[in-house]
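Written below as structure tokens is the structure these notes are about.
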Amino acid sequence: MAMLVDPPNGIRQEGKHYYTMWQTLFEIDTKYVPIKPIGRGAYGVVCSSINSETNERVAIKKIHNVFENRIDALRTLRELKLLRHVRHENVISLKDVMLPTHRYSFRDVYLVYELMDSDLNQIIKSSQSLSDDHCKYFLFQLLRGLKYLHSANILHRDLKPGNLLVNANCDLKICDFGLARTYEQFMTEYVVTRWYRAPELLLCCDNYGTSIDVWSVGCIFAEILGRKPIFPGTECLNQLKLIINVVGSQQDWDLQFIDNQKARRFIKSLPFSKGTHFSHIYPHANPLAIDLLQRMLVFDPTKRISVSDALLHPYMEGLLEPECNPSENVPVSSLEIDENMEGDMIREMMWEEMLHYLPRA
């Protein structure tokens, strides 16, 4: 539980109060009353809280010492900039960002999100049974949120069960946009947790697009159906071997997208595999679910189904409401970030983002 404590240096900053949870100090705005810690990661700790002004339950994420690692600081800045613009019921809402006391020396960042009960990773690992309707509804919402992002010119690039938050009503929201990019931005840094990484990323292809997110969705959907990862590779080459074992060896024309000759030779050197039909891996799944999965987990990204077409697949019949799928453009220029920025400039840009959350006079 959250424990109210005195400020560490004995000096109480105006408008702030202090709590400890899981041996972590939270210096937060007085309108937020913490309840209990609900998650921990490399970034820090997340706690549930109540906004005493609105009575709304929220999640507060403390990112500790954010400038210790420049790449992590860039990820945080990217999430701040993106979530200020996106508005969709299947994308997590950033409700507030607490303004630090010291503009030029703050180290910790506190982000306030809408509160969700769990995430898809926890649900998959639980003993809770999942009906075909559950599977379909989770997939529908994921595709729906992704269609919105893609229509706004945004690739998520790190979709996995742990980044899909779920509440007791089975409502699903996509979160963690630290790796998201617009199409135009050249990308060299690490993308997508290995098990959910598309072949074109594993093969170091430079020219990739929305299909990388579709592959990740396919891996997630397979994991929902089978309650375990479909391609749990130990490293990149092993990951490719696991994929070929399932989808089968590829013809030359299916490898045209690989712009690296060495990578193409590696794929062609793998032992022949005729593949395994998904209906054999998931014998109890709805045949229409298997058909859609087959269209998402296609090795050649140019032949992979699009998000829009996946939403129109017969498996989704009865769920799609066209008027509920807005196509909105996020201002691309606002998401462009200089990857070579140093800490002081990142700190200043974060401060400017935080100012957008100050109450209007």
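FYI, residue positions are counted from 1 along the chain as it appears here.
Any Cβ shown, glycine's included, is placed from N, Cα and C.
Per Swiss-Prot, these features apply:
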type: ACT_SITE; residues: Asp158; note: active site, proton acceptor
type: BINDING; residues: Ile38, Gly39, Arg40, Gly41, Ala42, Tyr43, Gly44, Val45, Val46, Lys61; note: ATP binding site
type: DOMAIN; residues: 32-316; note: domain 'Protein kinase'
type: MOD_RES; residues: Thr188; note: phosphothreonine
type: MOD_RES; residues: Tyr190; note: phosphotyrosine
type: MOD_RES; residues: Thr193; note: phosphothreonine
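Residues near Arg40 (ATP binding site) in space but far in sequence (CB under 8 A, at least 6 apart, same chain), listed by position: Trp22, Val46. A 10 Å cutoff on Cβ-Cβ distances gives Ile38 (ATP binding site) a total of 18 other Cβ atoms nearby, all chains included. Within 10 Å of the Cβ of Thr193 (phosphothreonine) there are 16 other Cβ atoms, across all protein chains. The shortest Cα-Cα distance between Asp158 (active site, proton acceptor) and any of the recorded positions Ile38, Gly44, Thr193 is the one to Thr193.
Cα of Gly44 (ATP binding site) to Cα of Thr193 (phosphothreonine): a span of 19 Å. When the Cα atoms are compared, Thr193 (phosphothreonine) and Ile38 (ATP binding site) turn out to be 22 Å apart. In the three-state DSSP reading, Thr193 (phosphothreonine) counts as coil.
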